[in-house]
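**Q** Sharing a structure below in structure tokens format, with a few things to ask.
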Amino acid sequence: MEVSASSGAFIHTPGTQSEIATVIQGVLLGLFLLPLLYKSSLQVWVYCRTLGKQRTQAIEKRAEKGTGSAVFYVSLLVVLLFLVPSWTRLVQGLEVHPFVWVLNYMFTNSDERLLLCAYWIFVICVSIRRFYSISKQSKTERILLRKYYHLVAVLIFSPAVIFQPAFLDLAFGAAFALFLILEMIRVWEVYPLGHTIHQFMNAFTDHRDSEILIISHFSLLLGCALPKWMSSGFNDRPLAPFAGILSLGIGDTMASMIGYKYGVLRWSKTGKKTIEGTAAGITSVLAACSILVTLLASSGYILSQHWLSLSVAVTLSLLLEAYTTQLDNAFIPLVFYSLLCL
């Protein structure tokens with residue numbers, strides 16, 4: 001693939017990209033420290049409580065649940081309002097609070113970003129409402145429910161990669177942070193959202209999720225985000241940022257749906273993945289690439305596409321998907337990204 005003209009949509013100023021990375025790193029670092037702060041604070045509270053009067057078991061249980069939830073939310077506020085800005089200021093030199101920086105970034109010359117946010121909110125609200133009703137129908141297979149989320153990822157991320165790539169970097173970080181917070185609330189059954197989140201997420205689990213952690217949504221998000229993050233600042237591989245969207249949202253989804261409904265020839269005697277599904281995945285990704293090449297060309301790129309090398313990259317990635325059973329959502333996009341960058 002050769003690029004003889006660059007598109008302004010893919011050019012980032014170093015300062016803006018550096019500040020986005022700083023905000024993402026600070027927030028994620030703070031959230032990774034949140035369990036330590038929360039559990040330590042909870043242990044201190046339990047110790048202080050043992051020094052007080054003994055109460056009935058029912059009262060103790062209600063008090064423990066309510067106080068534990070309060071401790072979690074206070075710990076979360078401490079992390080987001082104090083620890084994160086302290087780290088970004090002392091280590092990275094960001095003078096303003098990260099959340100103030102995000103608001104300034106969103107509302108300064110940002111009609112396109114605000115429209116994109118409105119579009120994301122609309123798609124997410126419609127999807128959650130629709131999927132929640134579908135998940136209650138026992139006739140719908142769980143594997144198909146999971147692939148619907150892959151299609152939603154295509155709808156959400158594809159326009160942003162083309163028109164607002166820098167903003168998408170920030171949005172990926174925000175989404176990952178939100179997933180971390182929601183997973184903590186679910187695992188620790190933090191009132192009042194813990195039980196509701198667990199019921200909703202449990203409808204989309206599979207054998208790769210443990211009894212404690214549900215990681216499928218993390219792997220899908222990282223599968224889409226990592227190729228984009230690794231491509232930031234480079235515009236000589238226009239299809240590389242789409243590696244996760246193409247391999248997961250298009251290829252993996254079509255392979256699963258077609259293989260489930262029409263697949264007969266299996267790759268192995270013990271596996272469930274079929275040759276028909278893999279062929280559908282390869283065909284769909286190549287078709288999506290042809291559309292993307294046209295869109296990128298209309299954005300200012302003059303592309304000379306080596307379809308042979310692209311076909312080899314797509315085929316190898318989908319063949320690997322057919323033989324991968326663990327965390328393929330995070331692994332396959334990285335392989336596809338690497339092949340696209342060759």
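Any Cβ shown, glycine's included, is placed from N, Cα and C.
Feature table excerpt (TrEMBL):
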- 20-38: transmembrane segment (TRANSMEM)
- 70-88: transmembrane segment (TRANSMEM)
- 113-132: transmembrane segment (TRANSMEM)
- 242-260: transmembrane segment (TRANSMEM)
- 280-301: transmembrane segment (TRANSMEM)
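Describe the structural context of each listed feature in the structure shown, including burial, neighbouring residues and relevant distances.
**A** Proximity of distant same-chain residues to the transmembrane segment (20-38), defined by a Cβ-Cβ separation under 8 Å and at least 6 residues beyond the stretch ends, is recorded for 71-72, 75-76, 78-80, 83-85, 87-88, 92, 94, 98, 101-102, 105, 166, 169-170, 172-174, 176-177, 180-181, 184, 188.
Sequence-remote contacts of a segment are chain residues at least 6 beyond its ends whose Cβ falls under 8 Å from one of its Cβ atoms, and for the transmembrane segment (70-88) they are 22-23, 26-27, 29-31, 33-34, 37-38, 41-42, 45, 94, 97-99, 181, 184-185, 188, 190.
Long-range contacts of the transmembrane segment (242-260) within the same chain, counting only residues at least 6 positions beyond its ends with a Cβ under 8 Å from a Cβ of the stretch, are 141, 143-144, 147, 150-151, 153-154, 157-158, 161, 220, 223-228, 272-274, 276-278, 280-285, 288-289, 292, 314, 317-318, 321-322, 328-329, 332-334, 336-337, 340.
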